[in-house]
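Below is one structure, written out as structure tokens; comments come after it.
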2 protein chains.
Amino acid sequence: MAEVKTYNVAIVGATGAVGQKILQILEDKDFPIRELKLLSSKRSAGITIPFKDKTITVEEAVPDSFAGVDIALFSAGGSVSEKLAPEAVKHGAVVIDNTSAYRMDENVPLVVPEVNKSDISRHQGIIANPNCSTIQMVAALKPIKDKYGLNRVIVSTYQAVSGAGNEANNELAEQSQQHLNKEVMTASLLPVKGDKKHYPIAFNALPQIDMFQDNGYTFEEMKMINETKKIMHTPDLSVAATCVRLPFFTSHAESIYLEVEDEGLTVADLWNVLGDAEGIILEDDPQTQTYPTPLSAANKEAVFVGRVRKDLDNDKGFHMWVVSDNLMKGAALNTVQIAQALIENEKL
Amino acid sequence: MAEVKTYNVAIVGATGAVGQKILQILEDKDFPIRELKLLSSKRSAGITIPFKDKTITVEEAVPDSFAGVDIALFSAGGSVSEKLAPEAVKHGAVVIDNTSAYRMDENVPLVVPEVNKSDISRHQGIIANPNCSTIQMVAALKPIKDKYGLNRVIVSTYQAVSGAGNEANNELAEQSQQHLNKEVMTASLLPVKGDKKHYPIAFNALPQIDMFQDNGYTFEEMKMINETKKIMHTPDLSVAATCVRLPFFTSHAESIYLEVEDEGLTVADLWNVLGDAEGIILEDDPQTQTYPTPLSAANKEAVFVGRVRKDLDNDKGFHMWVVSDNLMKGAALNTVQIAQALIENEKL
């Protein structure tokens, strides 16, 4: 029997929504861990967290935390990654970063393993995990692009509040109860924690995720546009996005219009390519009202696709509805899958 | 002082969500009513409803109910309109029908007064009120089309449950409380009352509104596509729609991509034309996080437009976010506005 190589793993942001999911997935997948270090801000240090048959005490993340660490999974916000990821790399760790800090850095691979696993090999210490809404979209687009070409993408998103962290889940629950009690809803977090105004999300829809940029798009929309081109190696692909926060806890859904290069394709052609694709589950049968929803996709690993239709005016145009758990494939699972691919490729 | 002409008005479906809104608007706008008849199914007959300083008893709608009626506002479902609207016309009434029964009938004008008021004059007894999600979209598109031309529309909707009636509001409230109580949610109505399967709408998104058609689109999506072309007199316009039901009570929101004919337009050009348009209120300032939401538009008359952006790849492409109260402009208000236009045009 071959010896299983094991690794020292650190999770930065271990007490957050994504950090907790990463822990669960590392345990479920029996990731080959020798030693696991749980790191957080000073505020959360000292908390104990169960992992397998042990209890691990969370430590404050400081530069020396990374001594001896092989793989550091960062999910504690962009400023923490900017400060500490280079320190982890100096200590010899490979960083897989779940924030937007390094995603568009040309020296940093931005990876969805099903889509561009080979990009991992050119890492220089940091590999970036894409934005949640981008991951599920490229997972569904890539097999179509590879077989039939892709000219254009227009996406409107339906995004869960958990993308804004555990606090946002609490805000949605509290506001929902207030509204059901016929009380005034109090808003102090969404749409964006650091922004000037806050609006209720319960029984509402907020067409703002992350801060507005000078061009009138939000940062979330620009992430989807720019990251999609980088991950699929399609700098000239037309991509447009409108990102909307909605009152559900888990999973992002996306209404995607796409134009392929080939002519004369049918819905069955797209079903075939999506049905064979890694990480995709087709749930698409109008006859039986079969389509994915945020609730049906919650806590699952796959990217679910339904409502595939041919555009009624454009022979090259198709519409589809793509749903995935934003904390699983959209964040924690993809992070762990990058780590697994790193190990497989013996790039550690 | 000129004598104000008054009319005998009947409301069919007076106890429903839209019927109740029609009553409120007729009272608020001091509509010139001589006698008001409230009609319903046998089940709701006998209920009394206050109107101004009177109390009116709801009667069962039968063919003879329409004797002496000048204007009959129908909002009791397609089968009731199919059965009774011709009877009302036989009795000399003009019917304004809020169901889909006659919308695509070439002898029936389909009217949003700001968009195609002049179509009213060719009515033969029945005028149709468009689908809620169509009304707010064409109200925003028409002024743009008139000034700059329009080649293409792709819309993804975010629709309130009240579009499925008062029962759907109750279902959302009940399921929301169940979920907050950590109970299993019971679904017996949505996505579509008469369809085979029902899914929870609370903390979820359902990509089905109305029944699926043979082409894989839902009837709601086909309504948006076909009605838009009819109302704007643009049979060759490319229109695509994805319609999604969401867990909020009031207002539909729409993420709309449009392509104009003219080149070189700016966001300011669209702001100017929308700012001058009848029935439209621009709420669009990223700097101050100003954009409409379902909650902010509730119980208001206007169609609100925000998040106007130029497409980053296509010089003729723009994106915008359009929100309106689906029971007001999307249904009851537009119905009353058609009646007002009828009176103004002396077509009664």
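Here the Cβ of each residue, glycine as well, is placed from N, Cα and C on the backbone.
Here the domain 'Semialdehyde dehydrogenase NAD-binding' (A:8-123) has, by DSSP, the following mix of helix, strand and coil residues: 42 helix, 32 strand, 42 coil. Residues or ranges marked as domain 'Semialdehyde dehydrogenase NAD-binding' by TrEMBL: A:8-123.
TrEMBL lists A:THR15, A:GLY16, A:ALA17, A:VAL18, A:ARG43, A:SER44, A:SER162, A:GLY163, A:ASN326 with the feature NADP(+) binding site. On its own chain, A:ARG43 (NADP(+) binding site) has no residue at least 6 apart in sequence with a Cβ closer than 8 Å to its own Cβ.
Long-range Cβ contacts of A:ARG103 (phosphate binding site) within its own chain (separation 6+, distance under 8 Å): A:LEU110, A:ALA128, A:PRO130, A:ASN131, A:LYS223, A:GLU227, A:LYS230. Feature annotation from TrEMBL assigns phosphate binding site to A:ARG103.
The Cβ of A:CYS132 (active site, acyl-thioester intermediate) has 29 other Cβ atoms within 10 Å, all protein chains considered. Residues or ranges marked as active site, acyl-thioester intermediate in TrEMBL: A:CYS132.
Per TrEMBL, substrate binding site is recorded for A:GLN159, A:ARG245. The Cβ of A:ARG245 (substrate binding site) has 28 other Cβ atoms within 10 Å, all protein chains considered.
A 10 Å cutoff on Cβ-Cβ distances gives A:HIS252 (active site, proton acceptor) a total of 31 other Cβ atoms nearby, all chains included. The DSSP secondary structure for A:HIS252 (active site, proton acceptor) is strand. Residues or ranges marked as active site, proton acceptor by TrEMBL: A:HIS252.
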Binding-site residues (A:THR15, A:GLN159, A:SER162, A:ASN326), the one with most neighbouring Cβ atoms at 10 Å: A:ASN326
Residue among recorded positions A:THR15, A:SER162, A:HIS252, A:ASN326 with Cα closest to the Cα of A:CYS132 (active site, acyl-thioester intermediate): A:ASN326
Distance [Cα-Cα, Å, rounded] between A:HIS252 (active site, proton acceptor) and A:THR15 (NADP(+) binding site): 22
Secondary-structure category, per DSSP, in which A:ASN326 (NADP(+) binding site) falls: coil
Distance in Å spanning the most remote Cα pair of A:THR15, A:GLY16, A:ALA17, A:VAL18, A:ARG43, A:SER44, A:SER162, A:GLY163, A:ASN326, given for NADP(+): 26
A:ARG245 (substrate binding site) and A:ASN326 (NADP(+) binding site), Cα-Cα, nearest whole angstrom: 12
